[in-house]
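**Student:** Right, I'll just put the structure down here and ask away after.
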Amino acid sequence: MNTNKQFKVYTTSAVDFAQDPTALSSNINAPQFDKAIVVHVFFSQNKNLEDLQEFQLLVKSANVDILSIITTSRSTPQAKYFVGQGKAEEIAQAVEQLNADIVLVNHSLTPAQARNLESICQCRVVDRTGLILDIFAQRARSHEGKLQVELAQLRHLATRLVRRKTGLDQQKGAVGLRGPGETQLETDRRLIKVRITQLQNRLEKVAKQRNQNRQTRRKADIPTISLVGYTNAGKSTLFNVLTQANVYVADQLFATLDPTLKRLPIQDVGNCVLADTVGFIRELPHDLVSAFKSTLQETTEASLLLHVIDVADSRKLENMLTVNEVLSEIKANQVTTLLVYNKIDQVENIQPHIEFDEENQPIAVYLSAQLNQGLDLLVEAIRQKLSHEILHLEINLAAQYGKIRHCFYQLNCVRQEKINEQGEFLLDIQIDKIEWLKLSKQFPLLKRFYETTEISDK
């Protein structure tokens, strides 16, 4: 093996970074890698090829050509290379023989493992997390999306900086103050920290604006419906046919990154806001979930979630579990959810229909967004769900509970108010069930009003 192969390291100096604060993060994606060696490790006797196939789709989504796929089986990751020494040498040989630009590993590597593989392969090594971050960087179109991706990239990069010899290491002090000056590593860490703080401040402003928009919709009594689901389940296609929008649709992972909001009128409910959001995936980088907090807030504070599922996917149950895990992480698992089984045209013996629970409430809709089949059933299920989730209550509060009254007015849910002879507030309110449950936890005395209403309605 030729050990003299030139190894190009892509770095950004402190000087470049000072001149352009985005240089360090944007330079992560500067080289255009076209040819890759894909590495996958099976950690069980049953070789599940679907994980590898999904990773190949991720690589395709990143616009990278796969030259070769190298697989191996292990019981546990090896500490130094993640794969064994022999397999690492095999990967290095493949890189040289096929003239690959990059090695893509379908697992999360420690910084040390990535550096060791880079050293033996003499090319850049990117793990699953890095690849997903790169795809997000390519797809981000809005200003907010670009800020969020940059923040996630910098957080990921901060753990992977290594010491390297530069001129800054040679700085010396005067008499009595001798010693090395600030190293390049220290400089990069400091500048990354500064840039992360800048991005967080900017995103806080964006988050405030989003929150104001949500408050405005809430005061106008406009429900928000958020599309969630595993990536490539057909959320954007469904969004387009429901709202006559023109959101980018493609048969690839993470085709949609920036959230889109459109008006959706629902009979007996009125105008709603439908939100198309980024898809989820197994092992979604935590840095991304954290960076996209303001975007995902649309999901957290929605009136209804439409969990879109690719019914033709053999791993749909695992995908649903992954989505539910992310929803729990962002604290959206308590939001009322309607399951939407999409792509029924790709399976046999399934017709468009609504599935109901024991209380005759819709829990799932089967449809094909691509063929416009079952969309009327979905709209009807949404109507029933939202009608059921909006509470109409009559509340009487003693004068000392003015704080509760103030909360109702803040939510703009008071339709009418009177004061009786005892000085009690008689409130006629219309409130989202989720908001009511939140208030009931804060003020337990409210629970009796909802229970009384449920009994009287039966």
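Numbering starts at 1 and runs along the chain as it is shown here.
Positions of Cβ are set from backbone N, Cα and C atoms, glycine also.
Sequence annotations record features per position, and here Swiss-Prot assigns domain 'Hflx-type G' to 223-390. Taken from Swiss-Prot, the feature GTP binding site applies to 229-236, 254-258, 276-279, 342-345, 368-370, supported by sequence analysis. Feature annotation from Swiss-Prot assigns Mg(2+) binding site to SER236, THR256; the stated evidence is sequence analysis.
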**Student:** Hey, does DSSP put SER368 (GTP binding site) in a helix, a strand, or just coil?
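**Tutor:** Its secondary structure by DSSP: strand.
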**Student:** Along the domain 'Hflx-type G' (223-390), what average pLDDT does this model show?
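**Tutor:** Averaged over the domain 'Hflx-type G' (223-390), per-residue pLDDT gives 85.
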**Student:** Using a Cβ cut-off under 8 Å and a sequence separation of 6 or more, which residues in the same chain sit near SER368 (GTP binding site)?
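**Tutor:** Correct list: ASN342, LYS343, ILE344, ASP345, PRO352, GLY374.
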**Student:** Using DSSP and collapsing to three states, where does GLY229 (GTP binding site) fall: helix, strand or coil?
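**Tutor:** In the DSSP reduction, GLY229 (GTP binding site) maps to strand.
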**Student:** Which of the listed binding-site residues (LYS235, LYS343) has the least company, meaning the fewest other Cβ atoms within 10 Å of its Cβ?
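**Tutor:** Relative to the other binding-site residues in LYS235, LYS343, LYS343 has the fewest Cβ atoms within 10 Å.
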**Student:** DSSP secondary structure for LYS343 (GTP binding site), reduced to helix/strand/coil, please.
**Tutor:** coil
**Student:** Using Cα coordinates, what distance in whole Å links GLY229 (GTP binding site) and SER236 (Mg(2+) binding site)?
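**Tutor:** Distance (Cα to Cα, whole Å): 11 Å.
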